[in-house]
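Taken from TrEMBL as is:
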- 230-239: compositional bias 'Polar residues' (COMPBIAS)
- 250-266: compositional bias 'Polar residues' (COMPBIAS)
- 13-218: domain 'Cytochrome b561' (DOMAIN)
- 224-284: region 'Disordered' (REGION)
- 7-30: transmembrane segment (TRANSMEM)
- 50-71: transmembrane segment (TRANSMEM)
- 83-103: transmembrane segment (TRANSMEM)
- 123-144: transmembrane segment (TRANSMEM)
- 156-177: transmembrane segment (TRANSMEM)
- 197-217: transmembrane segment (TRANSMEM)
């Protein structure tokens, strides 16, 4: 139970921080950078940070931790895969549109493309993220790939997702600094103007959100309990007993109880609650 409270504390800290990062990005471009538009001017460029922070950082962060939510463990894995894929699809779409916005702006103003480290890392991150989404969709969501292939790809998929999330954060921080150096002339960035301080605060929010997400996914006790990798669209989200059993097992996995004690506990629960054999297997 203590572990569950710790998870909730981190979750209710991470989500407002991520939302504030998106809100600060909007305030920055609307108040300090003259707003948004789609006309080849700087107003179109302003969509780039808004969509990148919203998609590749905030929404991607939620997609990463969606499997860790204990109250979703009672839901079928297919349902959670679909939610994860849907969030990833939205993040992918926003990332692609953010690239279109910055290339349109550069081309309309005859500004050279792809000369900075920010642009190099950012373009690579978006391309890899699109590939990550497509591989995840065709191998893990659709029922075509054999189980052996999924077992091989899964560690790579998990690692690359976290790597790209961290890369997106680093790219955003580079982009913020680059934009402020180019845009702030009078007063200059080094003189601590209000826009510079505000944008630096935005960078800290992005960094803090990333740190909270990484901490959540790095805790083994908050990992979704293993189950059969079914692609059938079944959902048992209404069965509260199954979720409680899953949380109990996840927390109990870090104790020193023997296998016999676990079996005895399971047998007692079966007798007392009258669970059927199939339900008992899902909770054990």
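Cβ coordinates are placed from backbone N, Cα and C, and glycine is handled just like the others.
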Tertiary contacts of the transmembrane segment (7-30) (same chain, 6+ residues out, Cβ under 8 Å):
36, 46, 49-50, 53-54, 57-58, 61-62, 65, 68-70, 195, 198-199, 201-202, 205-206, 208-209, 212-213, 215-216, 219, 222
What same-chain residues lie close to the transmembrane segment (197-217): Cβ under 8 Å, and 6 or more beyond its ends?
7, 10-11, 13-14, 17-18, 20-21, 24-25, 27-28, 32, 53, 57-58, 61, 64-65, 68, 162, 165-166, 169, 172-173, 176-177, 179-180
